Structure formats: structure tokens, C-alpha cells
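Novice: Quick one: this structure, given as C-alpha cells, is what I'll be asking you about.
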Amino acid sequence: MVDSVYRTRSLGVAAEGLPDQYADGEAARVWQLYIGDTRSRTAEYKAWLLGLLRQHGCQRVLDVACGTGVDSIMLVEEGFSVTSVDASDKMLKYALKERWNRRHEPAFDKWVIEEANWMTLDKDVPQSAEGGFDAVICLGNSFAHLPDCKGDQSEHRLALKNIASMVRAGGLLVIDHRNYDHILSTGCAPPGKNIYYKSDLTKDVTTSVLIVNNKAHMVTLDYTVQVPGAGQDGSPGLSKFRLSYYPHCLASFTELLQAAFGGKCQHSVLGDFKPYKPGQTYIPCYFIHVLKRTD
């Protein structure tokens, strides 16, 4: 493991198998504060996602990287039937707590939350009688958490195949990643606001790129976040944590996605929620892939 020479995550965070980078609990707690609740989601993101799902008549949604549940909560509140899964039990506890606190609301009482692993997703999430979900979402740069341990991206292919298998015929997969093309060419993230959440706690984010055998192997982001009441006297304190990501470039990730559907899909790419054209002047922070199963 590269952890022996390069620390890829905060101390106490798991490094075996599909890594739970929030396993120490502290990173999960700080991340929950960092991204906030549904009110912290940007209006542009909320309008775009809800509009996309309703445009395609989606009702049953699988969130395969729900984390603390912020997107799933938004969808439940908007009337969607939601199944939420994540590999981190430390993150899921926030979603489970919200469901418990709102259990008297029929929509939240029906909200399904499970711990699941992308590598065994076809076993962890039973197929519905309808043959899959209307939409599967994997947003917030979540898929990039999965490393390439074997060096051949076989884990990525298996995970994407399992995720794609959850989509019914005619259904959607909505998945994103940061603009790693820009990060790898410049060494830093594109300038601009975060398109997903309005956090006022960030003090600094440092980007590092790990090169192995002349190939980009990992990107790490070191977050410095101001946490209310974390100081000894109750004043705001600073918390630091590191997360690592596999740097998926646009062209190669597009090939992986289309292979996951066996080529039987319609595929469009957006840059920060707007149609993306290679060579355009505006440099997006995120690439968002929307795939519609056609078989």
C-alpha cells in the first residue's frame, strides 16, 4: 500500500479494501459540518437535479454514495422514493438519525438506508420487481474515493458495472468527478465556487498530486476547516483532515462508463451543470455525466 510511503488519509482512517476515509469518526463529523444540511445545497444544484429527474419521469432513486444523507433528504422531501447506501457507517449514522427524528413523516418512514459496498452492490442492494431504479446518483466526487489498488482499474470497472446494473431500462445514471484534467495539468483545482454546497467554514484546501511510474496515481486534498466551538474556551477551532482521490480524466472515465453499460446508453457531459464542449473558455470545477440506459 502507498500508505507505507505516503499518507493518503487522516490518521485512524481505514486503508483495507474499499477504503472508508471517514472511519475515524472525526473526519465524518467535520465533513458533516462542512457540507451542512439541505439548506446549504446551492439553488442551482437543487434546481438542476430535481429538474433532470422530473424531466425523465424518475420516481425511484438509488443514491449509491449518500454519505450523511444530504442529497437523499432533499429528494425524500421532494416526494421521491429513495434508497440510500454508503460504505461508511460513520457517515450513515447522520442519515439514520435524520430518518429516526422524522419517522412520523410517511416519506421518511419509507426511506431505505443500507450499508453497501460498490464492489458487491449487486448483492447488497436487491433488485426491485420493476427491474431496477429509475435513476441512480453518485455525486459530489464520490466515485473518485475508490483507489486503483491493482494498477489496472479493474476495481473501477467492476464498481461501475455494478452501479450500472442498478439502472432500469430507460433509466438514468448521474455521476460526476472533479476536473482532474485541469488539476493534473496545472497542479491545482480550477478557480471558482463549489457548485454543490455553500460552506463558509473552509479556511484552506491544499491540492497534491502523487505520480507513480510517471503516471498520476492519486490526488489528495488537505482541508483546513473552522469548526464552531472546537476551541478549549468554546471559540472556533481549526480542524484538518486529508482525503485522497483517484484522478479520473474526462476521456478515460467516459470510456469506463460506456463500457459499464455495454455501449447501450445515451451519454451527455456537463461542466458545472451546463453543456460542456471541449476547448471552451470556461473551465468547470466538475464534470457531470448523465447516461440513459437504452437496452
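Quick reminder: no glycine exception, Cβ is built from N, Cα and C everywhere.
Pulled the feature table from Swiss-Prot, pasting it below:
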- Val2: N-acetylvaline (MOD_RES)
- Ser4, Tyr6, Arg242: (6S)-5-methyl-5,6,7,8-tetrahydrofolate 1 binding site (BINDING)
- Tyr6, His217, Arg242: (6S)-5-methyl-5,6,7,8-tetrahydrofolate 2 binding site (BINDING)
- Ser10: phosphoserine (MOD_RES)
- Tyr22, Trp31, Tyr34, Arg41, Ala65, 86-88, 117-118, 139-142, Arg178, Tyr223: S-adenosyl-L-methionine binding site (BINDING)
- Tyr34: phosphotyrosine (MOD_RES)
- Lys46: N6-succinyllysine (MOD_RES)
- Lys193: N6-succinyllysine (MOD_RES)
- Lys198: N6-succinyllysine (MOD_RES)
- Lys203: N6-succinyllysine (MOD_RES)
Novice: With DSSP assignments reduced to helix, strand and coil, which class does Leu139 (S-adenosyl-L-methionine binding site) get?
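Specialist: In the DSSP reduction, Leu139 (S-adenosyl-L-methionine binding site) maps to coil.
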Novice: Validating a neighbour-count step here. Other CB atoms within 10 A of the CB of Ala87 (S-adenosyl-L-methionine binding site): how many?
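Specialist: Excluding its own Cβ, Ala87 (S-adenosyl-L-methionine binding site) sees 26 Cβ atoms within 10 Å.
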Novice: How many Å lie between the Cα of Arg242 ((6S)-5-methyl-5,6,7,8-tetrahydrofolate 1 binding site) and the Cα of Asn141 (S-adenosyl-L-methionine binding site)?
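Specialist: Asn141 (S-adenosyl-L-methionine binding site) has its Cα 15 Å from the Cα of Arg242 ((6S)-5-methyl-5,6,7,8-tetrahydrofolate 1 binding site).
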Novice: Which whole-number value in Å describes the distance between the Cα atoms of Ala87 (S-adenosyl-L-methionine binding site) and His217 ((6S)-5-methyl-5,6,7,8-tetrahydrofolate 2 binding site)?
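Specialist: Taking the Cα atoms only, Ala87 (S-adenosyl-L-methionine binding site) lies 22 Å from His217 ((6S)-5-methyl-5,6,7,8-tetrahydrofolate 2 binding site).
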Novice: With Lys46 (N6-succinyllysine) as the reference Cα, tell me which of the binding-site residues Ala65, Leu139, Arg178, His217 is the closest one.
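Specialist: For Lys46 (N6-succinyllysine), the spatially nearest of the binding-site residues is Leu139.
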Novice: How many whole Å apart are the CA atoms of Leu139 (S-adenosyl-L-methionine binding site) and His217 ((6S)-5-methyl-5,6,7,8-tetrahydrofolate 2 binding site)?
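Specialist: Their Cα atoms are separated by 21 Å.
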Novice: Through the lens of DSSP with three states only, how would you label Lys46 (N6-succinyllysine)?
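Specialist: The residue in question, Lys46 (N6-succinyllysine), is helix (DSSP, three-state).
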